[in-house]
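Pulled from TrEMBL, these are the features on record:
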- A:3-229: domain 'Aspartate/glutamate/uridylate kinase' (DOMAIN)
- A:Lys7, A:Tyr8, A:Gly9, A:Gly10, A:Thr172, A:Asp173, A:Tyr178, A:Arg183: ATP binding site (BINDING)
- A:Thr47, A:Glu74: substrate binding site (BINDING)
- A:340-398: domain 'Aspartokinase ACT' (DOMAIN)
There are 2 protein chains.
Amino acid sequence: MKPLVQKYGGTSLSTAEHVRRVAERIDAARQTGRPTVAVVSARGDTTDRLLADAKQLHPHPAPRETDQLLATGEVASAALMATALHRRGTRAVSLTGAQAGIRTTGPHGAALIDTIDTRAVRAHLERGSVVVVAGFQGIDPAGELFTLGRGGSDTTAVALAAALDARCEIYTDVDAVYTADPRLVPQARPLPEIAAPLMAEMAFAGARVLHARAVELAAVRNVPLLVASAMHDRPGTTITGGSPIGMLEKEGFVAAITHDADIARFTIRLDPDDPERPHRALRAIADQIIPVDLVTWADDRPALSFTVAGAAVHQARRQVELAVPNAGRDVAVQRELSKISLLGTGMLTRPEYAVRVLRTLEELGVPANSLHTNQLRVSVLVPAEHTAAAVAALHDEFEMDRPRPDPVPTS
Amino acid sequence: MKPLVQKYGGTSLSTAEHVRRVAERIDAARQTGRPTVAVVSARGDTTDRLLADAKQLHPHPAPRETDQLLATGEVASAALMATALHRRGTRAVSLTGAQAGIRTTGPHGAALIDTIDTRAVRAHLERGSVVVVAGFQGIDPAGELFTLGRGGSDTTAVALAAALDARCEIYTDVDAVYTADPRLVPQARPLPEIAAPLMAEMAFAGARVLHARAVELAAVRNVPLLVASAMHDRPGTTITGGSPIGMLEKEGFVAAITHDADIARFTIRLDPDDPERPHRALRAIADQIIPVDLVTWADDRPALSFTVAGAAVHQARRQVELAVPNAGRDVAVQRELSKISLLGTGMLTRPEYAVRVLRTLEELGVPANSLHTNQLRVSVLVPAEHTAAAVAALHDEFEMDRPRPDPVPTS
């Protein structure tokens with residue numbers, strides 16, 4: 001039978017009672033006869049506590065030492081989960097990222113999974129053990145330890161599922177993928193399914209449900225993926241494979257609205273004498289694997305601009321300053337912006353959506369900083385304080401509280 | 001210059017302020033020009049907290065998972081120490097036991113260091129970094145993680161010093177090795193030096209200052225060893241190499257009194273039809289690397305007896321029951337005993353010491369359960385509630401509050 005990889009987030013492991021409940025769920029999955037791997041995050045606020053310990057000693061702890069430090073949270077969590085499974089009489093073994101054969105590449109704090117040597121995991125599965133893997137981490141060939149960045153345990157789970165040809169279930173603190181954040185929009189609907197490329201775009205546009213890299217990997221490697229609540233028995237959202245165009249009729253054109261209320265926008269003035277400058281700036285940022293979005297550069301504009309997460313501003317600015325001489329004069333950074341995105345398909349062929357977005361914001365009195373469109377989304381930047389009102393108004397404008405009609409078969 | 005290995009215990013790392021102070025000490029050592037390795041324990045009560053987390057989930061957590069769990073404490077501690085050193089502008093790198101090349105053998109929870117591949121440590125030292133090594137742990141060739149048992153960080157430090165041909169300094173929460181526990185005997189004196197074999201015997205007899213295996217290893221591998229306070233600038237105790245006989249005149253005959261107030265004594269009745277029985281029982285215990293002491297078996301006694309630490313009773317009893325049929329009828333366990341030991345040299349040639357010990361206890365009204373003598377100590381078992389009174393009386397009887405006269409040269 002195809003193996004199963006389940007991933008449980010830190011909130012669902014915060015107390016002994018939580019750990020026991022998750023152990024019960026893992027055990028129930030195992031009893032269906034599927035070889036079962038559980039990927040776990042650090043418990044509760046462990047990661048934040050460890051980071052605070054480091055910050056008490058240094059304002060900017062070195063990324064290498066931060067990795068050595070933070071990776072312990074997931075290892076401890078995995079050992080405790082194996083212990084809870086033993087208490088239920090279930091064979092189980094915990095593995096660190098290194099022991100699970102997870103090889104990484106790239107910088108400390110934001111490494112990418114390179115390969116997985118699944119021999120140890122498979123050997124334990126064949127002996128009938130549940131294998132509990134510490135998420136978020138791996139080693140390079142020299143034995144150096146790396147973490148995958150925040151939310152990286154999702155990526156660990158999907159990568160393991162891809163390597164084991166397994167189904168992947170991500171259990172988290174939300175019930176499902178919603179048409180918008182239910183905390184901002186009470187009418188938001190859970191989506192029973194969504195196409196993987198659209199989900200990846202949503203994650204990138206700020207939906208916190210799944211780590212963007214995890215969804216991309218699931219899409220590329222065709223891993224069946226479910227997102228559901230770690231605490232409740234609700235159906236969750238199935239991330240379906242296939243092209244987003246196939247989903248067009250089924251989900252309607254606009255599937256969901258996401259927002260990311262902590263965005264900064266860099267604008268780098270072009271210099272006719274140094275045409276390579278914007279290229280170098282973006283390259284310097286990519287070298288540190290800082291995700292950028294909404295890159296804009298047009299023939300008739302004297303500047304290049306892009307956005308990064310608020311948390312990455314410090315690092316991004318350092319990289320830009322390395323790459324751009326006279327950065328002080330030629331680089332501007334706007335902070336406290338919110339990126340609000342309409343997710344769907346065929347956005348480029350339906351310019352009326354962009355127009356409706358701008359009109360809705362205008363009626364609300366929210367100034368739009370800029371608007372960007374690609375095939376899967378329309379994103380607009382607005383001052384962060386208007387996030388809630390803008391998301392609610394757009395959810396209403398596009399009537400997203402109403403379930404879509406039955407899919408019309410495409411010819 | 002010969003490298004230096006310093007070891008810092010968990011109490012001296014409990015707060016950020018403690019970590020900073022220790023970082024300052026490490027830095028001062030490094031500035032003398034010696035390549036410096038620091039071995040650290042888990043911070044404060046981390047180990048106890050992690051164990052309590054596991055016990056909330058299982059009354060007897062599996063030793064393998066306990067190892068995976070507990071080893072994280074030292075790894076986090078090492079990363080934080082490297083971070084504190086960075087803050088001082090000092091190059092530093094933390095290594096897990098695995099990264100430091102520490103290879104172990106033996107059971108989970110009580111593994112022995114087999115070999116150390118010092119290449120990584122040496123490479124970092126050559127680059128001018130302080131190397132901070134997570135104590136208490138190593139891996140086997142298959143990548144399985146093992147801990148060395150409580151206090152194992154001392155052993156990590158001495159083993160690293162042996163492998164690097166380095167001097168070893170153990171910084172702990174006591175000032176020095178004393179003639180007796182100063183909490184029980186206010187007149188107890190710090191010893192400026194003590195011979196390694198005698199110190200090893202003391203550790204085995206219950207002195208908590210140093211891990212017994214660490215001292216043995218220092219003695220066998222001739223590692224220069226200092227024990228001193230992690231918090232105060234006091235001279236501490238130098239553990240000198242060489243035979244204890246050489247120390248005979250220098251320290252006087254009785255060097256110190258130690259006690260261990262949580263001892264259990266097993267007595268296994270002999271069976272004429274099964275003469276191998278005691279041998280099997282001891283072998284079963286040795287298989288689990290449970291330290292035993294005071295093994296007694298004489299031709300004219302119908303039983304074999306030995307002591308184990310109170311904490312090991314459960315495990316030892318299980319091993320004995322595996323090895324001895326009808327264990328219920330033939331095995332007796334006495335608990336809540338205290339082992340009080342007179343440490344010195346030439347004990348076997350001076351039976352009057354044993355007589356004085358028994359007479360002192362008799363005058364005090366303390367019943368002695370049994371008395372055992374070897375070349376380096378006289379040990380007596382008494383009911384644990386009499387520990388403090390007995391130690392104080394013996395310290396007084398042997399006038400240990402008075403510094404010994406100058407050494408008489410031996411011919």
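Cβ atoms are placed via backbone N, Cα and C, with glycine included.
Shown here: features listed in TrEMBL, placed on the structure.
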residue	record	Cβ within 10 Å
A:Lys7	ATP binding site	29
A:Tyr8	ATP binding site	29
A:Gly9	ATP binding site	23
A:Gly10	ATP binding site	25
A:Thr47	substrate binding site	20
A:Glu74	substrate binding site	30
A:Thr172	ATP binding site	24
A:Asp173	ATP binding site	13
A:Tyr178	ATP binding site	22
A:Arg183	ATP binding site	11
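Here the domain 'Aspartokinase ACT' (A:340-398) has, by DSSP, the following mix of helix, strand and coil residues: 31 helix, 16 strand, 12 coil. Here the domain 'Aspartate/glutamate/uridylate kinase' (A:3-229) returns a mean pLDDT of 93 for the predicted model. Of all the binding-site residues given, namely A:Lys7, A:Tyr8, A:Gly10, A:Tyr178, A:Arg183, those whose Cα is no farther than the 10 Å limit from the Cα of A:Glu74 (substrate binding site) are A:Gly10. For the pair A:Asp173 (ATP binding site) and A:Thr47 (substrate binding site), the C-alpha distance works out to 17 angstrom. A:Thr172 (ATP binding site) sits 16 Å from A:Thr47 (substrate binding site), taking the Cα positions as reference.
Following the DSSP three-state reduction, the secondary structure of A:Glu74 (substrate binding site) is helix. Summarising the ATP site geometry, the residues cited as binding it (A:Lys7, A:Tyr8, A:Gly9, A:Gly10, A:Thr172, A:Asp173, A:Tyr178, A:Arg183) extend over a maximum Cα to Cα distance of 24 Å.
According to DSSP, A:Lys7 (ATP binding site) sits within a strand segment.
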